[in-house]
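According to Swiss-Prot, the protein has these features:
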| type | residues | note |
| --- | --- | --- |
| BINDING | CYS10, CYS13, CYS32, CYS35 | Zn(2+) binding site |
| BINDING | PRO146, THR147, GLY148, SER149, GLY150, LYS151, THR152, LEU153 | ATP binding site |
| DOMAIN | 1-51 | domain 'ClpX-type ZB' |
| REGION | 52-75 | region 'Disordered' |
Amino acid sequence: MAKFDAHLKCSFCGKSQDQVRKLIAGPGVYICDECIDLCNEILDEELLDNQANTNNSPQVKKKLPTDNPKKSVPLELTSIPKPLEIKSFLDNQVVGQESAKKILSVAVYNHYKRLAWKFKEENKNSNSKDSQATKLQKSNILLIGPTGSGKTLLAQTLAEFLDVPFAVADATTLTEAGYVGEDVENILLRLLQKSEMNVELAQKGIIYIDEIDKIARKSENPSITRDVSGEGVQQALLKMLEGTIANVPPQGGRKHPYHDCIQIDTSQILFICGGAFIGLEDIVQKRMGKHSIGFTTNSDQNKVDTKKIVDPRDALKNLELDDLVKYGLIPEFIGRIPVCAVLDRLTKETLESILTQPRDALVKQFKTLLSMDNVELSFEPDSVEAIANEAYKRKTGARALRSIIEELMLDIMYTLPSEENVKEFTITKKMVDNLFSSKIVKLPSGSKRVIKESA
């Protein structure tokens, strides 16, 4: 073995392991430390040349108009849509959730008023002593609601109405710096990409962080071991949510000390965090019912308290800061998201309305699809009700509606394009019932499950 090691040499420069400080082995090849240093120098020179060419290229300057901010971004107070206008637009896309829409409308209006105020202060006469006298703090938003209740849709509709860059990030992929996973700065990279790498435009955008409840601390008490995908991510997000100058790697991935980063001021970015927070109702109910436990509790008071906490939807209306802390969010993180909106669980009636009323309702989408084949599609009112009932049973909110209609329309969309004589088609309640009743298999009346005991 020693004889074999003596013949090891670098596959690039040919020097033996005795002539270099370090020889790194790969699958059938070797490279020395001198060749690695040379490769690093070549890459650094190439990176600098590319950046110089990018800065001098007229095409890039035309593509990234950083000197001309997007006109649709409201910088004047008169151009900012009022809360009633924002809610009216949300009503066209989102059914129900009146309280959440009102909270979002006011929060977004105040956020862009703050942007207009800062823009006005920056353009004041420098001789004015009152310039920058009052600093308006940012108010990020937390959306709490069950899956399929419209959290992401609300944020997307807001961005569409305001015509600003909007990015969606998944909190489950984030980890603390130094561990396998995505850095929190990659969230800002998505916003930059949406704004065509225009930093000025990205700094006025909206970021929606989904599944924020998945980064909750695993236990209420701080753990000895590091929680790199839970509390560690919350700690990493603190400065970004509050407002800081963040360094974003333009190519994504981890930050590298030898690579230049794009600096973004996050103080102007509106962060909307959303999550289902499964089990939060139990925490609220437990807190509300604490005082009714014991021998000295009045029996009449017990009855009233029990009625108050029976329905989980009513429990979340009494949400407090301590409940989120017990769930696993650290107080510093909650303090940087002062606006909280609780979304209601969708009822059968709401699901029916979602199918037909919004601008992009599913019924309208499938009517448009079949109209391309010169077929007029219609739904009987009873069939819409049957679809909503089936979606309600699945307990996945509005997301269940699309999967049900896709199942229902599969055979229809498969055969209708080939039927030249068919010009109209109607979905009936019987078709919906037959589709899902056939999936229920009943056991024979006399059958019993036999469990064999092991010897």
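Here the Cβ of each residue, glycine as well, is placed from N, Cα and C on the backbone.
Not measured: the values here are computed from a predicted model.
The most densely surrounded of the binding-site residues PRO146, GLY148, GLY150 is GLY150 (count of other Cβ atoms within 10 A of its Cβ).
For the domain 'ClpX-type ZB' (1-51), DSSP puts the residue distribution at 23 helix, 8 strand, 20 coil. The average pLDDT the prediction assigns to the domain 'ClpX-type ZB' (1-51) is 78. Looking at CYS32 (Zn(2+) binding site) and THR152 (ATP binding site), their Cα atoms lie 51 Å from each other. Between LEU153 (ATP binding site) and CYS35 (Zn(2+) binding site), the C-alpha separation comes to 53 Å. Straight-line distance linking the Cα atoms of CYS35 (Zn(2+) binding site) and GLY150 (ATP binding site), rounded to a whole number, equals 55 Å.
Just so you know, of the binding-site residues CYS13, CYS32, CYS35, LEU153, the Cβ with the fewest other Cβ atoms around it within 10 Å is the one at CYS13.
Cβ neighbour count for THR152 (ATP binding site) (all protein chains, 10 Å cutoff from its Cβ): 15. Apart from the site residues PRO146, THR147, GLY148, SER149, GLY150, LYS151, THR152, LEU153, the chain places the Cβ of GLY145, GLY274, LEU343, GLY397, ALA398, ARG399 no farther than 8 Å from the centroid of the site's Cβ atoms, the recorded ATP location. Cα spacing between GLY150 (ATP binding site) and CYS10 (Zn(2+) binding site): 59 Å, rounded to the nearest whole number. DSSP classifies THR147 (ATP binding site) as coil under the three-state reduction. CYS10 (Zn(2+) binding site) is surrounded by 21 other CB atoms, counting those within 10 A of its CB over all protein chains shown. For THR147 (ATP binding site), the number of other Cβ atoms no farther than 10 Å from its own Cβ, over all displayed protein chains, is 14.
Calculated from their C-alpha atoms, the gap between THR152 (ATP binding site) and CYS13 (Zn(2+) binding site) amounts to 56 Å.
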